[in-house]
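TrEMBL lists 1-143 with the feature domain 'Phosphomannose isomerase type I catalytic'. The annotation Zn(2+) binding site is assigned in TrEMBL to GLN102, HIS104, GLU129, HIS263. Feature annotation from TrEMBL assigns domain 'Phosphomannose isomerase type I helical insertion' to 163-244. Under the heading active site, TrEMBL lists ARG282.
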Amino acid sequence: MLKLICPSQNYDWGKKGGSSEVAKLSTLNSGEAIDESLPYAELWMGTHPNCPAVLSGDQSTTLKAWIEKNPASLGDVVHGRWGAELPFLFKVLSVATALSIQAHPNKQLAEKLHADRPKVYKDDNHKPEMAVAISEFEALSGFVTTEELLEAFANIPELRATIGESTTARVEAAHKAGEDPKAPFKDAFTKLMTCDPAIVKDQIGSLVARLHAKQPDLSAKEQLVLRLQGQYPDDVGILSVYFLNLIVLQPGEAIFMAANEPHAYLSGECAEVMATSDNVVRAGLTPKLRDTDILCDMLTYNQGLPTLLKGDPRDACSKHYAPPFDEFEMDIIHLSANGSYTIPAAAGPSMLLVHKGAGSAQAAMPAQLSDLAEDPSAWNGPIKRGDIFFVAAGSSVKLEGHIAEDLTIMRCGCSSDIFK
């Protein structure tokens, strides 16, 4: 088990200074003081070159470089499939303002985007992901049903005017005829996202004025429209909220996003795990590059609410989150004060984040990895909030809680299904 120092990202949408869970964890992990003027958006725990973890005992060595020298730490299955690479990336996010309307490409599209524009799409991997709420967490995820979209067309004249009568009529006609809704739904979303910005601005202005006059009797999406207008004035992404499901997760609840599914995180804090990639295709609510045509073309246009995961109890101390992806799964382990628990050995690597509390950890490694115990970053002993560890394949970890406080640990690893 190796102790790591993990960097954070200061994206504009992050929470400022000490209000950010990312900042709090980051300062405990690295020892660097919090800058109250900076937004702290993401804590990265993995091997991605954009923001790599380093060894605590030798901060000139990245975790990726260490793994390349010690590939047995991944286990045969993971090393055989993904090479000397950690296949998942673990993060904590602190969201103050909305992230972009976005989707992540599948493997085939990621390879094409990376080959065509490597400065924009910096790797060739897909990026399925899962978000587990730490606080109340608000997001847009997946498309609404055609019935809900038609209700929006009927009640929001500004949306209908932006898309155009002929396009909305095609959605209505296809629905009445019982036809596959995906093609007309795609046409309507594409028409919205590619609409003349002057028209978008006029219609959003009309909508916002109408909603201000309607206050305080506003729906959740109407309140969101006003909030987004304050964050990204006159942005077409404001109208896209009527195409997308508004989700509010409570702590411990999770959603997952496959490739080519639209989403946008809006507020709150979460733990996130994904395939090791930083590829994002954006089309709204962002000052960054927009690839609107690519986004509209790549989406699946599947409809309905996303699957909600609440964590399946493994035992009295842990909950297991298993989305349908090979690269990752998550466990949340909670020990009462003075409790004990052993994280069983997995056939692949794991990352551990001490999210709350303090205690101690003792790793038991398989015989073929016994030399790793001599590494300067190898750790057995006291652990506390903000500590982050890489656990080699085949290693179990015995946890002991502090006598006076509970201990919560988040563990990410590859899907257990790939080892069966």
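Along the chain as shown, the residues are counted starting at 1.
Using the three backbone atoms N, Cα and C, a Cβ is placed for every residue, glycine included.
TrEMBL entries are annotated by machine, without manual review.
Note that this is a predicted model, so its numbers are computed, not measured.
What TrEMBL annotates, mapped onto the structure for a quick look.
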{"residue": "GLN102", "record": "Zn(2+) binding site", "CB count, 10 Å": "25"}
{"residue": "HIS104", "record": "Zn(2+) binding site", "CB count, 10 Å": "25"}
{"residue": "GLU129", "record": "Zn(2+) binding site", "CB count, 10 Å": "25"}
{"residue": "HIS263", "record": "Zn(2+) binding site", "CB count, 10 Å": "23"}
{"residue": "ARG282", "record": "active site", "CB count, 10 Å": "21"}
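Put simply, ARG282 (active site) is 16 Å from GLU129 (Zn(2+) binding site) when counted between their Cα atoms.
Other than the site residues GLN102, HIS104, GLU129, HIS263, same-chain residues with C-beta atoms no more than 8 angstroms from the centre of those residues' C-beta atoms, the Zn(2+) site, are ALA103, LYS127, MET257, GLU261, PRO262, VAL280. Residue counts for the domain 'Phosphomannose isomerase type I catalytic' (1-143) by DSSP state, with H, G and I taken as helix and E and B as strand, are 41 helix, 45 strand, 57 coil.
For the pair GLN102 (Zn(2+) binding site) and the residue listed as 'active site', the C-alpha distance works out to 4 angstrom. For the domain 'Phosphomannose isomerase type I helical insertion' (163-244), DSSP puts the residue distribution at 62 helix, 1 strand, 19 coil.
HIS263 (Zn(2+) binding site) and the residue listed as 'active site' have their C-alpha atoms 10 Å apart, to the nearest angstrom.
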